[in-house]
Amino acid sequence: MYVHKKDYLPLLRTYLGAQWRSVLLMSLLLLISIGLQLANPQLLQIFIDAVLQGSAQSTLILIGVLFVVLALSTQGASIVATYLSENVAWTATNRLREDLISHCLTLDMSFHKAHTPGELIQRVDGDVDALASFFSQAIIQLVGNLILLLGIVLVLFQKDWYLGLMMLGFTALAFVLLALLQKYGRPFWLAYQVKYAEFFGQLGEHLEGTEEVRANGATSFVMRRFHQFARQWWQIDYRRSVAEFLQFAGTLTIFSLGNILALAVGAWLLGAHAISLGTVYEVFYYTNLIILPIKQIRNQIQDLQTADASIERIQNLLKTRSTLTDAHWPVQNTALPGTDTSQTYMLRERYQALPVGALEVAFEHITFGYNVDEPVLRDVNFHLPAGKVLGVLGRTGSGKTTLARLLLRFYDAQSGEIRLSGVPLQKIELEQVRRRMAMVTQDVQLFQGNVRDNLTFFKRHVPDAQINAVLNELGLGRWLQALPNGLGSELGVGGAGLSAGEAQLLAFARAFLENSDLVLLDEASSRLDPATEQVIERAIERLLHGRTGIIIAHRLATVQRADYILILQHGQILEFGPRAELLANPASHFSQLLANNLQVVLS
Ligand SMILES: Nc1ncnc2c1ncn2[C@@H]1O[C@H](COP(=O)(O)OP(=O)(O)OP(=O)(O)O)[C@@H](O)[C@H]1O
């Protein structure tokens, strides 16, 4: 499906508009280089005819020098134009990449669950890459090549209309034959590309699972799979190579045909004294010169088709909006196609501010399902005063993590309302919601970067002394001292070189440094040994001081310090109340849970 030109224009205007000077200069250089390319063969013709007419040596030298100057100028113009076009393309595509990444970050979790990282990488990188030549060359060079083509045909018509006709006929024939060759080769290329993508998919999967593959003795199975795959790939690649060779040979034949035609018509016209020998050479030269624009025009039309598909996919991504009602993150680039700033400002005015200090949390009859007709939480209703700690218990799959996700507004509930200190969650700017809360989970994401950046999320203003104090408090002081560069030591990809427990301690350190008003701990100490857990327990005590806390746990010991207890069962509240009260009541589920060591109530 082709994208209408009205879809091209906003992209060109947004991303090339700021670089109009470079684009103008590029177009100018292109026109100059076309003019020079057209002039060069004329000089050769003059030179040959001058030699045949026995002109003075000084005249010949002058023509020769002029030819060299023109040839060098053509090269110079094309070097500068290439430099400019690469610059324009990189600047434009990098801006587009940035816009796409920041747009993806505003989309909610349901979008990210539905689209694999690989797919988004393809959008943000692959599709944008396909647009690079669209921005830098496709349109300008397509026009340039058409002008050059037209120029050559016109020059020849002006020499002799037989020559013009010959060139016109040859150009048309070359286009048709090249299109046929391209059509022939396309299926082989597509099959190759599909296999290529499959190969990298498989390779990625196996490399990620190396540890498991080795531990389970599955190496020979994996190698056999690769071997089978390589055999299929080889066959496909072989057919592609043959097709490619045939295309290459076909193209050469077409252009040899052009040369034969040019020489034959030239010889005939020379014999009839209609043109000079110099002109025969000029025609021969033009026939070779025309080959490049014909080839390039075909490639550029193909580039435009690829760009078409990429533009459509990019537009669709940009049109995807967060499904969270009301609040959107501030739109960074107001010129992006599909963004409506007036709406954003209107929404921002409607935001309500949160009071400072610990936050109060209220769930009012919340019902939510990842799929609308399969509720995961049903009529969840509770109130946690500011500065208090809630312990959430429940069996696997009862909806504990979902509760936290709703609070962080990764999803909106289907019915009911969540309030933070009395303000409905949907009326609070999303950035505020996330800034006022810190969450520590079982799955810690560490980034390639140094310890400092990983702990502060690249915030430079956090003093080293504060980070050191937090690490010491978490019992990571010795670990830090053992690092070669202290806080500046690099962590490998995904926190390589750290044990799972150490990584979890670093996640705690992040929460400490964020200085949030509501702390969510989701099975956060599950990977720690008992001794480390004790260190963490004391640290959590301090972390929660003066803040509201929600601790999601499987083990009862983890919720010892909670002021309130909430027990979830199949997405519904089985019990909620102050911990002391529930403890004092032997009939409460919590007391029975303690008495039976977690066996009875949650089953
Ligand atoms: N992204 C998702 N898409 C669809 N269903 C989901 C998603 N995440 C969780 N669920 C489902 O929602 C239910 C509740 O999951 P949740 O993670 O909230 O449970 P949990 O009590 O935290 O479990 P655990 O103790 O194992 O962490 C489960 O049945 C789960 O399969």
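The backbone N, Cα and C atoms fix where each Cβ goes, and this holds for glycine too.
Here is what TrEMBL records for this protein:
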- 20-39: transmembrane segment (TRANSMEM)
- 24-306: domain 'ABC transmembrane type-1' (DOMAIN)
- 59-85: transmembrane segment (TRANSMEM)
- 130-155: transmembrane segment (TRANSMEM)
- 161-181: transmembrane segment (TRANSMEM)
- 245-269: transmembrane segment (TRANSMEM)
- 361-595: domain 'ABC transporter' (DOMAIN)
For the domain 'ABC transporter' (361-595), report the average pLDDT of the model, please. 86
I'm a bit unsure how to read this: which one of 20-39, 59-85, 161-181, 245-269 has the highest number of Cβ pairs shorter than 8 Å with the transmembrane segment (130-155)? 20-39
In the same chain, residues at least 6 away from the ends of the transmembrane segment (20-39) whose Cβ sits under 8 Å of its Cβ atoms read 70, 73-74, 77-78, 80-81, 84-85, 87-88, 140-141, 144, 147-148, 151-152, 155, 289
Outside the transmembrane segment (161-181), six or more residues from its ends: residues with CB under 8 Å to it: 149, 152-154, 246-247, 250-251, 254-255, 257-258, 261-262, 265-266, 269, 274-275, 283, 286-287, 290-291, 294-295, 297-298
Residue numbers, six or more beyond the limits of the transmembrane segment (245-269), whose CB comes under 8 Å of its CB atoms: 160, 162-163, 166, 170, 173-174, 177-178, 181-182, 184-185, 275, 279-280, 283-284, 286-288, 290-291, 295
